[in-house]
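Quick look at what Swiss-Prot annotates:
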- 129-180: ATP binding site (BINDING)
- 247, 260: Mg(2+) 1 binding site (BINDING)
- 260, 262: Mg(2+) 2 binding site (BINDING)
- 103-293: domain 'ATP-grasp' (DOMAIN)
C-alpha cells in the first residue's frame, strides 16, 4: 500500500558499504518515483534503533549487504520492533551468512554443492591438497577475498588474505558457467548466465562493468525448470523469505552445483536480481514494488 511509510536501510559498516549505498539509492529513487512515502536511513553507527523508533515505518526495504544486512542482527531488530521487512528471518540470515553451515544443511538434504571444509594453519602446512580449489571467508559477500588457488604458494597467500575476514573455507573447484536465480517468496525468476571479466566472478568482475550477462541464460526448457526448482528448494531448506538469490555453477556434463544463497542481494538496475526479473518482463520499478509489497 502506497500510504505506508517505508524506510530503505542501506550503507552500514561492512566492507560492502559502497555497494549497499548504490543499492539503497536505486531502491529509494524507485519507490519515490512510484509515489511511495519512502525515506533512506544509513545503518552506519549506533543510532539505527533511535532512527527507527523516531520514523515508525510500516516496512523496511533492506538494502544492506555483507554482515550488516545478512548476519541476522538487522532482521532480529526489525522483528523485535514489529516492522515488516524484505529480507529473511534472523535464523535464516544467520544460516545463509555462514557458507559452511549452509553447505552442511544442503549436503544433509542431498542437494548438489561442492565439498568444502574449514581451512586451518595445520591444513595449509600439510600440503596434501588437490588443486585447484576455492578459498574464501566462510562469511561475507561480493566475493571479497575469494581466490582460485592452483598451488601451495597461492594457498598460503589466499589463506592469509581471507583470514582477515574471519574463518576461512576451502572448497572443491567446479568449472562451468556461472548461473544465478532470483526469488521473492513464491516467485522464482529467470536464470541469468554470467560471463565474468576475470577467470571467475570475483569482486572486480562484479563491479567493473566489464562482465557480460545473458538474461535469460539460454538454458533449454528442461534445464531452466531444473535450476529454478533447485533454487526454490535451497531457498526453502534454509528458511529464506522475501528477496534472495541462489548462485550456481553449471558444468559441461549438465550438472548444477549450488554455490551459495544471498539473503540480501544487490539492487541497482545492473544487479543480478533485477536482471533475473527483467528476463521475464518485470522492469526495475515493478520488481522493487513486488519486493516491498510482499514484505513480511
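Just so you know, glycine gets a Cβ as well, placed from its N, Cα and C.
Here the features listed in Swiss-Prot are painted onto the structure.
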residue : record                : DSSP (3 states)
129     : ATP binding site      : coil
136     : ATP binding site      : strand
150     : ATP binding site      : coil
157     : ATP binding site      : helix
164     : ATP binding site      : helix
171     : ATP binding site      : strand
178     : ATP binding site      : strand
247     : Mg(2+) 1 binding site : strand
260     : Mg(2+) 1 binding site : strand
Inter-residue C-alpha distance, residue 164 (ATP binding site) and residue 260 (Mg(2+) 1 binding site) (nearest angstrom): 21
Long-range Cβ environment of residue 171 (ATP binding site), under 8 Å and at least 6 residues apart: 114, 115, 116, 133, 134, 135, 136
CB contacts for residue 157 (ATP binding site) [other CB atoms within 10 A, all chains]: 13
Minimum Cα separation from residue 260 (Mg(2+) 1 binding site), reported as the residue among binding-site residues 129, 150, 157, 178 that achieves it: 178
Site of maximum Cβ density within 10 Å, from binding-site residues 136, 150, 164: 136
Candidates 129, 150, 157, 178 (binding-site residues) with Cα within 10 Å of residue 262 (Mg(2+) 2 binding site): none
Using Cα positions only, nearest of the binding-site residues to residue 247 (Mg(2+) 1 binding site) (129, 150, 157): 150
Integer mean pLDDT for the domain 'ATP-grasp' (103-293): 89
Cβ-based isolation winner (fewest other Cβ atoms within 10 Å) among the binding-site residues 129, 178, 247: 129
